[in-house]
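Asker: Quick one: the structure is below, questions incoming.
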Amino acid sequence: MVTTLRQTDPDFEQKFAAFLSGKREVSEDVDRAVREIVDRVRREGDSALLDYSRRFDRIDLEKTGIAVTEAEIDAAFDAAPASTVEALKLARDRIEKHHARQLPKDDRYTDALGVELGSRWTAIEAVGLYVPGGTASYPSSVLMNAMPAKVAGVDRIVMVVPAPDGNLNPLVLVAARLAGVSEIYRVGGAQAIAALAYGTETIRPVAKIVGPGNAYVAAAKRIVFGTVGIDMIAGPSEVLIVADKDNNPDWIAADLLAQAEHDTAAQSILMTNDEAFAHAVEEAVERQLHTLARTETASASWRDFGAVILVKDFEDAIPLANRIAAEHLEIAVADAEAFVPRIRNAGSIFIGGYTPEVIGDYVGGCNHVLPTARSARFSSGLSVLDYMKRTSLLKLGSEQLRALGPAAIEIARAEGLDAHAQSVAIRLNL
């Protein structure tokens, strides 16, 4: 039975707080094993990759090679349905156009004292994109991670993807070429993260690593952080749908299940002010569950982590939605636009009944790599800015140094940093 929380219940706040703090995935204690893998790849390079690939992915990289060849990518295009390739091209183009609008501008100005200040944006030189293998090997994720890097001007985009039993998803290779990925390597797991961070004989190191993965990949990203940058540690997917009774229950149910089929730990939440509508949506979910290829996964997700929150009024939904800070927030109420300015915490907002979150997953243009597990309270989805860095600029002449120098000397001496003070004083003959 799906969890139901009623705002009218006297213990609602207690139950809601417990709901927010509930864990949806068990954190495996893999740090020791991962550290051993990372250290070995750092020491042994390619030979460690070959050994781990034999053990974990049952593939002999000495025969296949670590790098994916252009011929293999050509073959992937030949194997891919033309209609799917065209759909991926549409998605790529829309992602590119939207992310191009995020490009920041350099700024340089002269203040009233004649001091020149500014900031300059430059792209990271090389980034690594981790793509999971198996059922989570999605070409859309390749586009979402690689296209902002391309727009930002990253020179070298490196993709690593495991090849269990030697198999690679051809659509992942197609998406990589469409997005301008520079190099592809058939390695996965913590060993791939280590290779990207420290380099091997075959794989040159990068400056930042992005992309989702399992507990081993997440642990490896945490371990190498500092040597390289990372994007985020993503958790299971989630959606919050705020909907009134004028919606078609089947539509809302389909949107809830679109998240539930991702993962048994995914979470789908309906928030409404109408109990009869909530029941209709629950019934629609049960009907649709049996039509899905991933029925077992979606059923477990909905059973274990699905929720219906009944509010007295949609005015009450806004602070609750901000506390949930969902990865995806659908607003399907009469005046959806009026809600948007009042939402502070959400990874991405989907406005109105004709904007299912799935469009954002694929072809909307906005990025689908978003903060999960309430981290939208303090972080944002992937963007062009994740592949760029800002450098401050400052220029003084002798007059400006004379104007500002004495104050700098005073602060330096107050902090007990004599060399700091002398650095300015020596120029002013003080």
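Glycine residues also receive a Cβ, built from the backbone N, Cα and C atoms like all the rest.
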Asker: Pick the one from ASP165, ASP335, ASP361 that Swiss-Prot also lists for the Zn(2+) site with GLN259, HIS262, HIS420.
Answerer: ASP361
Asker: Swiss-Prot records SER237, GLN259, HIS262, ASP361, GLU415, HIS420 as substrate-binding residues. Which of HIS98, HIS99, HIS328 is assigned to the same site?
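Answerer: When Swiss-Prot describes the substrate site, the candidate it includes is HIS328.
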Asker: State the three-class DSSP label for ASN214 (NAD(+) binding site), counting H, G and I as helix, E and B as strand, and everything else as coil.
Answerer: coil
Asker: Using Cα coordinates, what distance in whole Å links HIS262 (substrate binding site) and HIS328 (active site, proton acceptor)?
Answerer: 14
Asker: Which residues does HIS328 (active site, proton acceptor) neighbour through Cβ under 8 Å, counting only same-chain ones at least six apart?
Answerer: SER237, GLU238, VAL239, LEU240, GLN259, ALA346, GLY347, SER348, PHE350, GLU357, GLY360, LEU370
Asker: Mind telling me which of the binding-site residues GLN191, ASN214, SER237 has the densest Cβ neighbourhood, counting other Cβ atoms within 10 Å?
Answerer: GLN191
Asker: Restricting to the chain of TYR130 (NAD(+) binding site) and a gap of 6 or more, list residues whose Cβ falls under 8 Å of its Cβ, or answer none.
Answerer: VAL160, VAL161, GLY188, ALA192, ILE193, LEU196, ILE209, VAL210, GLY211, PRO212, GLY213, VAL217
Asker: Can you tell me which of the recorded positions GLN191, ASN214, GLU327 is spatially closest to ASP361 (substrate binding site)? Compare CA atoms only.
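Answerer: Going through GLN191, ASN214, GLU327 one by one, the closest to ASP361 (substrate binding site) is GLU327.
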